[in-house]
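Below is one structure, written out as structure tokens, with a few remarks after it.
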Amino acid sequence: MTWQQRITTALEKRRATDAFRVRTVVEGGAGRFLIRDQCQFCNFSSNDYLGLSQHPAIVRAWQDGAERYGVGSGGSGHVSGYTTAHHALEESLADWLGYSRALLFISGFAANQALIAALMEKDDRIVADRLSHASLLEAANLSPAQLRRFAHNDASQLNTLLEKPCDGQQLVVTEGVFSMDGDSAPLGDVQATAQRHSAWLLVDDAHGIGVLGDEGRGSAFSQHVQPEVLVVTFGKGFGVSGAAVLCSDSVADYLLQFARHLIYSTSMPPAQAVALQAALKVIRSDDGEQRRQTLAALIQRFRAGVRDLPYQTTDSHSAIQPLIVGENSRALTLAEQLRERNMWVTAIRPPTVPAGTARLRLTLTAAHQTQDIDNVLEALYAAG
């Protein structure tokens, strides 16, 4: 099979199963509304959970940072790209989350890949929740370590897998809030199980940080857990982009030596770090708390409203509210029916989710209003 035949075959297979992905050009895709072809849609696909991407103080901070530092960092943090803005943000994050150190990464995907690649050796074992993010599972598959996956949120099966003989070290991997189902990991049980076997715990809290817990400290803090390694990302609750790894001094020093994604990547623009510092200030403020309360009320209203819909829901009390419809074609049809009513909802299909669990993945944000929730519920019942 030639290169072109291989590519053509793969694309034809995706099209035949209604799993072909396309991008849509829009304007204002992070806000309450987005524009496509001069039409306005109420946006239920954004991860901007607290509505901070449009926050005037954060926008101004990025502008001020660009005035001071320029628009790029100019290099890796190991060369010339580690500025006072980067250092200050790392210090603030570590203090906020109760860790010795924080290291900035350009994305959550890069952070997860770097961590697992740097930490794991061939005699080691990774035991990951079956629904962990693609960045974690891909990194685990590419690493020299053995990968075993436990049933979703099943600490008992996790214990069984950790009991099996292992010549090296064991790393337990999970998420704080799961990106496709929106439910939370029982981090207390998971950590206790890991500790019983001297395993380390890595938690990716991309969808919990900024949104859950006191001052938005996230899933681990709200469940009174401190994993050995915590990954937080800035494209959701923070409304910006990028990521950080929280860890001990020794792990941070180790990653600075061996995390190739960190060493060989241009660091995030200093202006972005300035904006993230401003976002953190908002998250920790009364404004941030009010946004979290607003979001929680909207989530409660939505969940109460979907009870009689003929779709499967999950045990999600987060901003991620999936409606599982089963077939790919059904999910696509529903998404299109909602867009005809000016509601922007995304259909999620395999391989992103397991076969037979295609869904509408609605995300709620503090920028939404009560009427938006009522409108999308009315549209869902009309389409149902």
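Glycine residues also receive a Cβ, built from the backbone N, Cα and C atoms like all the rest.
Since the structure is predicted, the reported quantities are computational estimates derived from the model, not experimental observations.
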Same-site pyridoxal 5'-phosphate binder from T24, T233, T266, given that Swiss-Prot records G108, F109, S179, H207: T233
From recorded positions R21, H133, K236, T352, the one whose Cα lies nearest S179 (pyridoxal 5'-phosphate binding site): H133
Least buried by Cβ count (within 10 Å) of the binding-site residues S179, T352: T352
Nearest-integer angstrom distance between the alpha carbons (Cα) of T352 (substrate binding site) and G108 (pyridoxal 5'-phosphate binding site): 17
Distance, H133 (substrate binding site) to G108 (pyridoxal 5'-phosphate binding site) (CA atoms, angstrom): 10
Residues close to pyridoxal 5'-phosphate site centre defined by G108, F109, S179, H207, T233, Cβ within 8 Å: H133, S135, D204, A206, V231, G235, K236, A243
Among R21, H133, H207, K236 [recorded positions], residue with fewest other Cβ within 10 Å: R21
